[in-house]
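What follows is a single structure, written as structure tokens, with notes after it.
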Amino acid sequence: MNNLAHLAIIMDGNGRWAKLQGKPRTHGHQQGINALRNITIWCAKEHIAYLTLYAFSTENWSRPKTEVEFLMRMLKKYLVQERPTYLEHKIRFKAIGNLKKFSPTLQKTILNLEQETATHTALTQVLALNYGGRDEIARACGRILERGLKGDLQELIGAHLDTAGLPDVDLLVRTGGEMRLSNFLLWQSSYAELFFSPVLWPDFTPEHLAQIIASFNQRQRKFGKV
Ligand code: FPP
């Protein structure tokens, strides 16, 4: 799948999925982990180079305190529990977002997994954590100003984003039926093809994704040309 180097996914619908089962929202996030694992392994097998997933946004801190605390605990557990998946499938792990807001132990766990999987070549899985597109662009500009760098501003910004070195997003998928970007990869998705699936994230399977990719492959991408 050479024309699909970078797939980005907004994993939406965990809360509604749980509600439909008569369970608390947190149950939906737990089930979301299974979907995340299945999709990641499938992408590695399909030789997709980069998969970026929106796990926690800069806006998610304003959810109820109990849910935020649950998500933090879940993230920490995820990084430990899923380590064998990254090792077995030779998946490289990378985090983007403003990680400084996380506890020092969580930051260390993130860094450890990044370092441990740095030479893996099957798939780079990028987790967006405390991520916001505007925040990322602002932090990049801040670094450019701080260093007094001069030159082509678009190139400079691209090179100072958290995603520096990654290709632009080719395909952006949002599950859960809403049709918005929610501050995700704003710079990188300038020419991405967008797909919105009504399926709630915990129910989203590799078969759903394969169908979306098949229709992505039918689309003619013009990048502003005729
Ligand atoms: C959106 O569903 C989902 C999130 C804000 C969290 C996404 C997290 C996962 C899929 C699990 C993996 C996470 C980690 C930390 C590894 P929602 O809660 O907005 O659902 P709703 O729109 O139905 O309310």
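In case you wondered, yes, glycine gets a Cβ from its N, Cα and C as well.
Worth saying up front: this structure is predicted, and the values here are computed from it rather than measured.
Copied over from TrEMBL, here are the features:
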{"type": "ACT_SITE", "residues": "Asp12", "note": "active site"}
{"type": "BINDING", "residues": "Asp12, Glu193", "note": "Mg(2+) binding site"}
{"type": "BINDING", "residues": "13-17, Arg25, His29, 57-59, Trp61, Arg63, Arg174, 180-182", "note": "substrate binding site"}
{"type": "ACT_SITE", "residues": "Asn60", "note": "active site, proton acceptor"}
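Features as recorded by TrEMBL, highlighted on the structure.
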{"residue": "Asp12", "record": "active site", "DSSP class": "coil"}
{"residue": "His29", "record": "substrate binding site", "DSSP class": "helix"}
{"residue": "Thr58", "record": "substrate binding site", "DSSP class": "coil"}
{"residue": "Arg174", "record": "substrate binding site", "DSSP class": "strand"}
{"residue": "Leu181", "record": "substrate binding site", "DSSP class": "coil"}
{"residue": "Glu193", "record": "Mg(2+) binding site", "DSSP class": "strand"}
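The Cβ of Gly15 (substrate binding site) lies under 8 Å from the Cβ of Arg25, Gly28, each of these being in the same chain and 6 or more residues away along the sequence. Counting other CB atoms no more than 10 Å from each candidate's CB, the recorded positions Asp12, Glu193 peak at Asp12.
DSSP assigns Trp17 (substrate binding site) to a helix in the three-state reduction.
Remark: His29 (substrate binding site) has Asn14, Ala18, Phe70, Leu71, Met74 as non-local neighbours, by Cβ distance under 8 Å and separation of at least 6 in sequence. Looking only at Cα atoms, Asp12 (active site) sits nearest to Arg174 among the recorded positions Thr58, Asn60, Trp61, Arg174, Glu193. In the structure shown, across all protein chains, Trp17 is the one of the binding-site residues Trp17, Trp61 with the greatest number of other Cβ atoms within 10 Å.
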